[in-house]
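Student: Structure incoming, see below.
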């Protein structure tokens, strides 16, 4: 049946740019990719996009810890993420970043529209402040007991146990994640999105029947408890977009993160030179379909805040949210100590991508159920289904076709009724792919695979091959087997892209959904090559051990300037203003008799001479080389009496010590006596 081509935009939740992709992430990206590949097979116009979620205090602090800029860190992480997704053959049309000009412009546009429409409210709030670090604490940097369900060790914005959202100030016994200190309250003006104004619209959207039943039920609980205004601002220091006309205030990461879907699509349109599609997809009355694949932990943001923000800024709402559960490994939460917290890149060092794609797909449904990756069952299922049932069907027939018939298939089907049984299944299997009942689709396909192998077993081509005068029968039987293999691989094409490529090369034809209605008759196939290898538990053991070793390596002490010499406690501007830094000319430099560490420097401050002892001898074995250089000194440091004389200040140098000491110098043009400001 010919379908009307649809315009579809599909997104996955944006991975946070401060960590590697792991098998928990991959469930969502594989689920979405299988669905997208099926839609493309049916002739629909699909744009599949994602991006890194690149803002927030965690990224700012981790970059500081690594001694690099946030921009450098998120750039490196983006490359790593894209490499992982490419390794799993996730067919994104575009992968972008929320730290982009497109996202900045769209965030400011949506904010300005919300403000113009009266949906942004200002008020002063009491906020948790870390007295040791001298900074306001973002939601995720406060932990305590959930005020709703009383679960301990929950973040300051939402509870991972009951799903409730709340203010960090509502936490019971809060602690700073940064320092462990008990936060104190300080006042700060913040901006709030008036979510309650959209309650009626959101309830109507919930009752529309589009959302998963579990999502709709959860939303109803939130409506009954009452929607609250949403704090969309954060105080400096913060890595993100500064709010227009609000110095020192930044958009909360959860405001610009979902807008990143729009930013990535805008970036894709611009790359294509397409000035039309963005508005066509995102305008209020768009006929394009918009689907977000997300995990159950972020339903609140996507089912309430996001559609309300879009409604309030005159953009279209999502067609639907496709929500999935978590991944467990061997029936337990992923564990670093047990080696079951497995990174995507580590997996690909031990197994191919198709194996995990198949296993996840076989277990997925349209419900929000957790998926267990049982590693022993994984090995058994991949070998039983992919190797023994599907690939074996091709291999046990291809040899005869290649050797006895020069690769040419029979001109007629040996069993047209059986072939029709296979092609008639397209409707049921297609509906299962469409409705995300992936496990059902796989069960239907494997039932057909059993039927195909039973046919070959009953026809016994290996026996027929030994009987004189039965060449035509042999060709017909094996051609039938290969045609059934072709149908199976067509149904599995959304799941197994690499195996599909090898199957298409052997079959000498592209696998298309509608193409199976016409069997391959009198068609020449290519010489058969091994399509897929068996896997075993030794690979699993190596994978688990490698994951354990990675955890050990990650737990090793972090090295680098900031790790070796952490930043001191925060001081006020008034404290810093007391330090008088001046440019000084080194008029003379010489060794200090009786000291193997000091040099005596004679400094000219532009009308005043100073004598300074500096512990830089190990880095400057030839003091004469310093004469004539400009440097920076602390000019108002109290004179210090030493056994070699009086030191009248301090010169500024950087480095860990020893030979690695580097005297600081001002830029060209600075003159002795100039104050450093």
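Cβ from N, Cα, C; glycine included.
Just lifted these from Swiss-Prot, have a look:
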MOTIF     15-25  motif ''HIGH' region'
BINDING   146, 149, 159, 162  Zn(2+) binding site
MOTIF     333-337  motif ''KMSKS' region'
BINDING   336  ATP binding site
DOMAIN    575-677  domain 'tRNA-binding'
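How buried are the listed features, and what sits near them?
Tutor: According to DSSP, the motif ''HIGH' region' (15-25) comprises 3 helix, 2 strand, 6 coil.
Within 10 Å of the C-beta atom of residue 162 (Zn(2+) binding site) sit 13 other C-beta atoms, taking all shown protein chains into account.
Across all of the motif ''KMSKS' region' (333-337), the predicted model scores a mean pLDDT of 86.
The DSSP secondary structure for residue 336 (ATP binding site) is coil.
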Student: State the non-local partners of the motif ''HIGH' region' (15-25) in its own chain: residues 6+ outside its ends, Cβ under 8 Å from one of its Cβ atoms.
Tutor: 50, 52-54, 56, 58-59, 62, 73-74, 77-78, 80-81, 84-85, 97, 326-327, 329, 334, 341-345, 347, 356, 373
Student: Other than its close neighbours in sequence, what residues sit by the motif ''KMSKS' region' (333-337), given a CB gap under 8 Å and a spacing of at least six beyond its ends?
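Tutor: Contacts of the motif ''KMSKS' region' (333-337) (Cβ under 8 Å, skipping residues fewer than 6 from its ends): 22-24, 327, 547-548, 551.
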Student: Between residue 149 (Zn(2+) binding site) and residue 336 (ATP binding site), how many Å separate their Cα atoms?
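Tutor: About 27 Å separates the two Cα atoms.
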Student: Can you tell me how far the Cα of residue 162 (Zn(2+) binding site) sits from the Cα of residue 336 (ATP binding site), in Å?
Tutor: 25
Student: Identify which of the binding-site residues 149, 159 has its Cβ surrounded by the largest number of other Cβ atoms within 10 Å, counting every protein chain shown.
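Tutor: Counting Cβ neighbours within 10 Å, the top one is 159.
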Student: In the domain 'tRNA-binding' (575-677), how many residues does DSSP call helix, how many strand, and how many coil?
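Tutor: Helix, strand and coil residues of the domain 'tRNA-binding' (575-677) number 10 helix, 46 strand, 47 coil.
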Student: Including all protein chains shown, what's the count of other C-beta atoms within 10 A of the C-beta of residue 146 (Zn(2+) binding site)?
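Tutor: Counting Cβ neighbours of residue 146 (Zn(2+) binding site) within 10 Å gives 22.
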Student: List the other residues in this chain whose Cβ sits within 8 Å of the Cβ centroid of the Zn(2+) site residues 146, 149, 159, 162, in sequence order.
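Tutor: Along the chain, the qualifying residues are 147, 148, 150, 151, 154, 160, 161, 163, 164.
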Student: According to DSSP, which kind of secondary structure is residue 149 (Zn(2+) binding site) found in, if we only use helix, strand and coil?
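Tutor: Going by the DSSP assignment, residue 149 (Zn(2+) binding site) belongs to neither helix nor strand, so it counts as coil.
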